[in-house]
Each structure stands twice: as structure tokens, then as C-alpha cells.
Ligand SMILES: Nc1ncnc2c1ncn2[C@@H]1O[C@H](COP(=O)(O)OP(=O)(O)OP(=O)(O)O)[C@@H](O)[C@H]1O
């Protein structure tokens, strides 16, 4: 015989409620959602017994002169027998909505058996009067549950209709959740599109809580476009360009996507308003659309996705992944269709949302081919679409970073050379992929050094005039790993052009970081630098520029060196290169020297 004693777990209800309110639910107001949901489920369960049953939910705020108000949630659903009250109401984690296939649990919103506890976030006692429609001859039952974990059950002497009534009074500090307007707003927020009619009675007035959902009709009638746009504007309090119907068989999702009226940054997370079986799940859902779909904000209703226990997001499973893909497919079809049949509209759309279209096209060759000519790019000759660029320039030349673009843009423009700044997100991938899949489009990376091939040659006499100066400049900037070449280029107002390839740009960032870090990080940066092949940047001095011309012909060698150093630092600043400590020092010395010169040569008002 075993001497081990079997004990039962005890539940500390207060602790459990704290857990729910602080860690599971977003706020006390969700008790309205849970009560609505129980009423809807009860009506759905009754409809399985009686197909013709319509069902109504009545919410009432009963004010009292002498005490706190009472909130009543009443439904004419399936109700509970006394035995069910013990089994489901009084047992935490027990739910009548799980596991019984015959009762089609998919129809139900609840499943975890904890929702009713959420009312304990706003009240100390929940009273339930209920009468079962399944066992109509049984008397009605009253159940009272308290936050201290006790409950009582007794048969009711008086008759009540089949269904359930829940009574709550506010716990101290939670009175605001019992104000009629607050209750109306919360009921509308969560239950605006629920199926059974929901009304709120208070102060002798009856207000209807719910109405038709935007996904009620499918396919969406084009005549309803304006109506849908209005709904989007009021729901999200912003303007939209268009509305796109969405549907996915995975997850049984229907809804609409609103195209934002303003451009957003790549990967921006839009907050979608998402319903589960017509009940609001979240107005901040993120995971329902593919990542590239950041140009829309959606209202969606899912019938086949699983909620998490908080009921504020979806469980991440295969079905959710498939749903994402199918909804992405709807948006993709919309874009492709518009590109094919309404090019002018598509052009307007792409002008605002080219980032999202580029994000889609990166992994989708068909879209890439179709959309590419509409994509706008910044070029050395101004912003233009790829189509406009290709009409005038047979080769698509691009630089891969914004820094490189800044270096060459001004000179390239003066040389009438069109170079694309592909330093923005997705652009290098887009251009390279386009070059790979469209043999008729020549795409080439442009090396800033290639610009020098277009520079005007110096005459023999100019060569001789500048050779010494070039050598001096070269020696002066050697310690900055910068070679110097004298050339003639446009615009002549530009004294110099600093060109650094990727390696020397990277080295510059490392050296600059080393200047401002200490200890172990300096070593880490040092070992990073070891792996980078050492290359020289290049400074082209523009002999066509009057200032450079004059510096070249200065008699004073020290003055020439100082000037070269200053031109060098100025070119770095123009190209937005981060200055190293040694270069900042150079700049300071140069400026102080200039002031010193101005002061010593000034004779005042003698
Ligand atoms: N208005 C109601 N009418 C009939 N039965 C109800 C009602 N409210 C609650 N119940 C019964 O009480 C059980 C527990 O309800 P509770 O809200 O705690 O959990 P649930 O709805 O089953 O699941 P979830 O935690 O996911 O909401 C329900 O499964 C149901 O059997």
C-alpha cells in the first residue's frame, strides 16, 4: 500500500488575476471584449440547437442613487445548467468550447477557459444568472464568484428566459469603466462588426452598437469604393489613395488594404486593424502581410487563424505564413494589373510608393521587368525614372553609395554624364538584377576614377608649368594616403575633386573611429584595418580653376603646401567624408593661420 498522499493544486485567484492583468491583457477594458465574446459564443451554440434563433445581446448600465452603478450583460444564448456552472464557470481553464467537433468549435471565439476572469480586473464579484436552453426544464441558476477565490451556486426560484445575465459593480478605482459612454465606446471598438444585434440601454435610451462590416460583401462592389475609403479615413484618421480588396483561403481572411497617401520609409511597420471571427483582435497587428507591403494599412477579418491567449495577436504557425503569402499575392496582383492596364495611375502610385514596389521587385523578376521603367532614381542629371534615363542613355551607369555619388555628381553633371545614385535601399540589387535578366539593358557600375578619363588633357606647356607643383602636392598629402593629379575639368568653380574607392573610404571610417575609441575597441578596429588592402585616395586639382591656377604659380612653397592642405580638407568636407583627428588639426591650423595673416597684414586706419 502506498503511503503517498495525493493532493490537489490550490489556485491563488488574486495572484492569477494580477498575472492576467499585468502580463496577458493590454488593459482592464478587455473585460468588455470577453463578456461580449461569451455572449456571442452562447448565441452561436444556441443556433446549433435551433437554426432559426437570431439572438440578441443587451448591455445595460443601471444607475443607482445610493450606490455604484451595475453593469448587466444579457444574452439569449444557450445558457448553462447547474452542473455546467460548476464545470465551466467555477473551474479555471475549463471551456465548453474546446474539443467537441460535433459542436463545431471553429465557430467559437473562446477556447482557453480564462476570459471570464478578466472581469475581476474591474470588479470584486461576478454574479451570473443563467438558464440552459438545452435543459429547459431545469431551474435557472445563480452563481457568484469572488476575487478571494470563493463562489456560491443556488437554484433560482423565479423564472428567467433561456440565456445568461452577468452583473458587475465597479471595484474601487474602476468606476470609469462603468460609465455608459465608455461602455458604448468599448463595445463598439471590440464588437462593431459582430453578428448578433447588440444594444446598449442606459438612462432610458437604447443605442445600437454594431453594424455591417467592410468585408460583409464579397467581391467588393466597385461602387462601394468611396464608402470604403470613407471608412478607412475615419478608422485610421488619415487619407488614402486607394482601397484594395483582400482575400486569403489560408486563415479564411477577408478585408481591405488602404494605400497610404504619403510615402513611408522602407520596412515601416503599418498598424493593421484585425478582427477574429468579426471581433476586434488588435488595431496594431503586424504579421499578416509580407514585409514589402509597407505601403498599405489594412482592416482584416480572419476566421481560420488561432489567437494567442491574450487574444491580441495571432499564433505564429504555418497557416499564418500561408495567409501572409496569399494576402501578398492580392497586393501583387493589384500592382501588376494596374501597371498593365492603367499606366498613368500606376505612375502616380509608384511616384509615392516606389520603395515598396522595389522591395517587392527584388525577389520577383516578373514585377521587376514590369515596374522597372517607372522606378524613379536620383541621377547626376536630376531625378528621373529609369524609363526616361534609358531613352537618353544607352548604358545605365550607377554608383553604389551615396558618398560616391556626392563625390562625383557635380563633375559628372558638368560633363553631361548621367550617373545613377544607387546608394538608397534596394537600388543596387534592383539594377544588378535588371542587368542580369534583361540582356537588352546594359547596367554598369561607375567608378569615380572613370571620370578622370573625361577630363581635358593639359597642354604640353601646362604640363611643364605644373609638374613641380604636382610633385609638391603629392608629397604634402602623402601622410593622408592621398595621391594628387592636376587636371582640367568642369565646373571650373570647383577647385578639386576628392575620389576615394571603397577600401580607402572604409579605412577612413576605421581611422576616424579609432580616434574616438579607447582600449579594447582600438585593438578590434586595428585588426579590422589589417584586413583591408591599403589603397590611396586621389585628389584631382582643377587647373581650370583660377584659385588653383594661382596657388600653382605662388613663389612661396610653404604657402603652396598650406593651400593644398586647405583645398584637401575642403574637398573632404564637400564630399561629407568624416574627418580624422589629423585633418581636423589641419583645418584648425589653416584657419588660425588665415586669421593671423589677416591681422598682421592689416594696417588699420593709419
Ligand atoms: N454568457 C455565457 N453563456 C453561456 N456560457 C457561458 C457564458 N459565459 C461563460 N460561459 C461558460 O463559461 C466558460 C468559461 O468562460 P470563459 O470566458 O472563462 O472562457 P472561454 O470563453 O471558454 O475561453 P476564453 O478564455 O478563450 O475566453 C465558457 O466556456 C462557457 O461554457
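In case you wondered, yes, glycine gets a Cβ from its N, Cα and C as well.
In the three-state DSSP classification, residue 75 (ATP binding site) falls within a strand. Annotation source TrEMBL lists ATP binding site at 34, 38, 75, 164.
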Largest CA-to-CA spread of ATP binders 34, 38, 75, 164, angstrom = 14
Ask   = Fewest neighbouring Cβ atoms within 10 Å: which of the binding-site residues 38, 164?
value = 38
Message = Among the binding-site residues 34, 75, which residue has the fewest other Cβ atoms within 10 Å of its own Cβ?
response = 34
Request  = Give the helix, strand or coil assignment DSSP yields for residue 34 (ATP binding site).
outcome  = helix
